[in-house]
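Colleague: My questions all concern the structure below.
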Amino acid sequence: MALTADGSEQKELTQTPLLKIWVPWMGCNLNRRRGSSVPQFCNSPTMIVMVGLPARGKTYISKKLTRYLNWIGVPTKMFNVGQYRREAVKIYKNFEFFKQDNEEAMNIRKACAAAALKDVTAYFTKEQGQVAVFDATNTTCERRAIILNFAKEKGYKVFFVESICEDPEIIAENIKQVKFGSPDYVDRDIEEAMEDFVQRIECYRASYTSIDDDKDRKLSYIKIFDVGSRYLVNQVQDHIQSRIVYYLMNIHVTPRSIYLTRHGESELNLLGRIGGDSGLSPRGQKYANALAIFIKSQNIKDLKVWTSHMKRTIQTAEALGVQYEQWKALNEIDAGVCEELTYEEIQRDFPSEFALRDQDKYRYRYPKGESYEDMVHRLEPVIMELERQENVLVICHQAIMRCLLAYFLDKPGDELPYLRCPLHTTLKLTPVAYGCKVEPFFLNIEAVNTHRERPVK
Amino acid sequence: MPRELTQNRIQKIWVPTKDDKPAAPRRATGAPHFANPQTVIVMVGLPARGKTYISKKLTRYLNWIGLPTKVFNVGEYRREAVRNYSSFDFFKPDNECAVKIRQQCALAALRDVKSYLKDEGGHVAVFDATNTTRERRDMILTFGNENGFKIFFIESVCDDPSVIASNIMEVKVSCPDYRDCNKTDAMLDFQRRIECYKTSYQPLDPDRHDKDLSFIKVIDVGRKFLVNRIQDHIQSKIVYYLMNIHIQPRTIYLCRHGESTDNLEGRLGGDSGLSPRGKQFSVALARFVEEQQQQDLKVWTSQLCRSIQTAEHLGVPYEQWKALNEIDAGICEEMTYDEMKEKFPEEFALRDEDKYYYRYPAGESYQDLVQRVEPVIMELERQANVLVICHQAVMRCLLAYFLDKSADEMAYLKCPLHTVLKLTPVAYGCKVESISLNVDAVNTHRDRPEEVKRGPGTLIRRNSVTPLTSPESIIKKPRIDDLDEAPIQEMPPSVSSLALCSPSHLPLTLTGKNLRRSSSGRHDVLQLCQ
């Protein structure tokens with residue numbers, strides 16, 4: 001019997017049934033995950049603190065970053081102090097609320113910030129959060145000092161994201177896109193709202209101190225200038241901050257559209273079999289041709305086309321008659337021992353696996369295969385490149401498309417595996433304001449339905 | 001009419017039929033290459049600011065991820081032109097004759113850059129020189145414009161005297177310029193050399209003069225970065241890489257899991273547990289790790305049973321990475337090589353033909369592995385002391401990154417069971433010590449078959465993910481020129497010290513099939529390439 005270093009009997013390993021992770025046999029503690037499908041890099045919770053004048057994209061960045069971090073598996077939540085203020089002061093009158101000398105308002109605003117910080121603590125301690133994005137102007141040294149002290153007391157890391165921009169066109173565009181529709185201005189006319197908001201910005205400007213490259217040299221931060229034309233990065237402390245910086249440096253705000261579609265119907269689809277590497281069925285080929293016509297009609301500038309390495313997506317792309325790039329990362333989920341089986345066969349030959357999958361479809365890993373969670377990690381470079389690019393058509397597969405869609409539409413792991421991505425339908429995603437507009441285009445070619453609903457409990 | 005598709009036999013990539021030549025690898029690969037335009041990376045900074053260190057490391061990384069990259073070090077051109085370096089006077093701004101020579105050297109290097117990018121299949125050239133004046137940088141920008149190359153500057157700014165002194169000691173006092181000097185004199189001369197550059201140094205100015213250029217300023221060895229106008233994917237990756245590397249001394253240990261029951265049967269892949277000898281190895285590994293007394297050692301494993309079982313014996317927390325799983329042998333999983341040869345003779349032959357690109361049907365290739373393992377490398381760069389318990393093919397990929405091995409060599413690197421490789425960064429390269437833990441195991445290594453011809457011809461592929469070794473510069477340079485001891489004399493191939501070589505110095509003729517361990521000298525010596 002082999003002994004461990006300290007002389008005790010060597011423990012046997014067992015594989016957790018859902019995730020297929022090998023863990024030491026711990027009897028009834030089987031559910032406690034020793035390992036996980038990705039290394040856990042977050043030790044102390046981290047606060048990302050936004051800094052900048054109004055209309056500099058802080059909330060845009062906060063929401064986008066939060067969406068990205070949640071998608072890659074880092075529980076993140078945004079705390080927008082403006083919302084706390086709207087709760088406290090039901091009716092917004094005008095910019096005078098934000099004047100430096102408005103003592104009553106100042107007290108309310110301070111209280112809102114404090115309330116938000118309290119919720120941050122609750123998120124970390126009671127809800128297993130790992131990252132909190134503190135979205136407010138935080139334009140004074142004083143306010144930032146309060147946050148730093150708060151974090152120090154609690155043992156949270158702090159990373160500042162400052163957005164600096166003086167281009168009047170960009171600011172006007174920001175105001176148009178997101179401020180006019182805000183609850184503060186919902187009853188005003190546009191000119192009045194614009195005038196008021198400009199005055200609001202001026203209220204902050206007098207007391208605005210940018211993060212100081214000399215005095216604040218010990219702080220960890222990134223300064224973003226002119227929507228990404230330049231960055232100043234200081235004292236990145238750990239893995240998650242490094243990932244955040246990389247993400248922020250790759251996103252842009254140039255208008256563009258992303259088209260997501262599956263390959264045309266395949267031979268194996270017709271047989272109801274999952275996975276494999278079959279070619280298109282006749283109807284699938286029809287779809288490929290229809291897709292070519294559709295794409296032409298969209299008149300897209302400089303469209304990039306991406307496929308997986310599987311025959312069915314490449315055959316679909318071939319019909320477009322344009323150059324395309326193949327990504328192995330876009331390959332369909334690997335169903336391991338269940339490859340090319342029908343669901344009935346899986347239920348018959350692997351009944352416990354079949355049941356487990358319905359229990360937690362996001363984390364469930366096929367024996368010798370993958371899980372949705374694994375796929376998200378393999379897709380991350382694709383998402384990063386999609387962020388860098390402009391107009392792209394991605395021809396992929398059901399599970400892959402669900403993962404990508406969940407990223408763009410901010411769907412949690414629970415919903416991701418049940419998103420509807422039927423064959424022969426192209427989704428056109430266009431970023432707008434803080435989110436993403438989705439337009440589905442069914443190209444009128446019949447196909448089998450490959451969607452399985454969430455089983456009723 | 002849609003074009004017919006066939007799957008090319010080695011990479012298993014679907015291509016339109018008329019384009020397919022039987023074994024020709026395709027352009028498209030594991031990850032797209034985004035038709036990156038060719039880029040010249042231009043280093044900027046006073047002497048002893050780490051420009052050559054960054055150049056070499058970046059080049060090694062870019063080659064490993066498949067972008068053919070080469071360093072052009074102007075100092076080497078100067079050493080060719082001016083055989084004997086006398087003193088810092090050469091670098092005085094008023095030394096007209098020297099200024100002319102230095103200008104010529106820069107132009108010669110740029111000519112070679114152009115030739116590399118236009119005629120030799122190069123994708124990225126790293127122009128390693130001080131480039132401290134606007135005049136010089138303007139000349140390079142013009143050169144880039146004329147030839148359609150993108151220009152990306154990397155400026156290293158540092159005024160910490162202890163860092164600079166340490167740099168000088170590590171790589172300058174033993175460089176060929178100072179081969180006849182003692183260390184103190186060398187240090188003094190070098191410092192005066194730096195002074196010669198200081199007066200004319202014009203740092204990149206992001207606010208005015210250089211606001212439209214694409215560059216990164218690395219300040220104080222990575223405490224702070226200023227990044228301006230990243231143009232494309234490759235510049236973004238370069239910036240990310242530079243922000244993750246550090247120069248703190250640390251050690252990386254690479255080893256495979258203990259011998260598994262599948263190993264005993266000669267089976268590939270699978271997810272079996274340890275054999276009794278494998279368990280013995282794990283115990284020995286635990287003892288070894290304790291003896292090494294590394295501070296805060298992180299332990300990483302794959303998600304396969306045998307690697308986790310090995311880690312379990314260490315009694316310390318470990319992280320499981322799916323990315324470290326062994327290469328997926330697809331339909332050949334759990335077969336022995338004989339079974340594979342019998343059931344899939346054509347596949348077996350194809351694999352020997354081009355082991356790096358060869359993808360198992362429904363499985364992976366080494367090329368796919370590089371893609372998969374890249375986040376692990378990035379995190380290894382961030383970390384300090386790490387022990388990675390992985391598998392043969394994965395370990396070969398990781399090792400190829402650290403030791404700058406080409407795709408051709410990667411698939412045949414020797415990574416035997418029950419042996420730990422201890423990697424320590426030193427000067428411009430990596431010291432390797434091989435430590436066998438004295439527990440017997442089967443040999444899972446298959447040598448490159450004799451009949452398979454090798455040669456650079458098969459390796460030059462434009463726009464493909466092919467790790468190439470950072471190529472030797474065209475200028476002949478002394479074998480070891482940057483380590484803090486006497487250069488190693490010519491040694492018989494069987495006992496070459498891998499340990500002290502910066503990887504590009506390893507003679508390509510080094511062959512030999514046996515594992516040799518030398519007990520002479522301070523370092524264990526291991527012949528890893530074939």
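Cβ atoms are placed via backbone N, Cα and C, with glycine included.
The active site, tele-phosphohistidine intermediate annotation in TrEMBL covers B:His257. As annotated by TrEMBL, active site, proton donor/acceptor applies to B:Glu326. Residues or ranges marked as substrate binding site in TrEMBL: B:Arg256, B:His257, B:Gly258, B:Glu259, B:Ser260, B:Thr261, B:Asp262, B:Asn263, B:Arg306. Here TrEMBL flags B:31-249 as domain '6-phosphofructo-2-kinase'.
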Colleague: In sequence order, which same-chain residues at least six apart have a C-beta under 8 angstroms from B:Arg306 (substrate binding site)?
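Modeller: B:His257, B:Gly258, B:Ser260, B:Asp271, B:Ser272, B:Gly273, B:Leu274, B:Gly278 - these are the non-local Cβ neighbours of B:Arg306 (substrate binding site), listed in sequence order.
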Colleague: Could you list the residues of the same chain, at least six apart in sequence, whose Cβ is under 8 A from the Cβ of the residue listed as 'active site, proton donor/acceptor'?
Modeller: B:Gly269, B:Ser302, B:Leu304, B:Cys390, B:His391, B:Gln392, B:Ala393, B:Val394
Colleague: Let me make sure I understand the structure: which of the recorded positions listed (B:Arg256, B:His257, B:Gly258, B:Ser260, B:Asp262) has the fewest other Cβ atoms within 10 A of its Cβ?
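Modeller: Taking B:Arg256, B:His257, B:Gly258, B:Ser260, B:Asp262 as the recorded positions, the minimal 10 Å Cβ count falls on B:Asp262.
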Colleague: Same chain, not part of B:Arg256, B:His257, B:Gly258, B:Glu259, B:Ser260, B:Thr261, B:Asp262, B:Asn263, B:Arg306: whose C-beta falls within 8 angstroms of the C-beta centre of the substrate site? Give them in sequence order.
Modeller: B:Leu264, B:Ser272, B:Gly273, B:Leu274, B:Ser275, B:Gly278, B:Leu417
Colleague: Average the pLDDT scores across the domain '6-phosphofructo-2-kinase' (B:31-249) and report the rounded value.
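Modeller: It averages 93.
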Colleague: Which state, by DSSP, holds B:Asp262 (substrate binding site): helix, strand or coil?
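Modeller: Helix, per DSSP.
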Colleague: What does DSSP say about B:Arg256 (substrate binding site): helix, strand or coil?
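Modeller: Its secondary structure by DSSP: strand.
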Colleague: Looking at substrate and its recorded binding residues B:Arg256, B:His257, B:Gly258, B:Glu259, B:Ser260, B:Thr261, B:Asp262, B:Asn263, B:Arg306, figure out the farthest C-alpha pair and report it in angstrom, whole number.
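Modeller: Value for the max Cα separation, rounded to a whole number: 14 Å.
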Colleague: Going by DSSP, is B:Arg306 (substrate binding site) part of a helix, a strand, or coil?
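Modeller: In three-state terms, B:Arg306 (substrate binding site) counts as helix.
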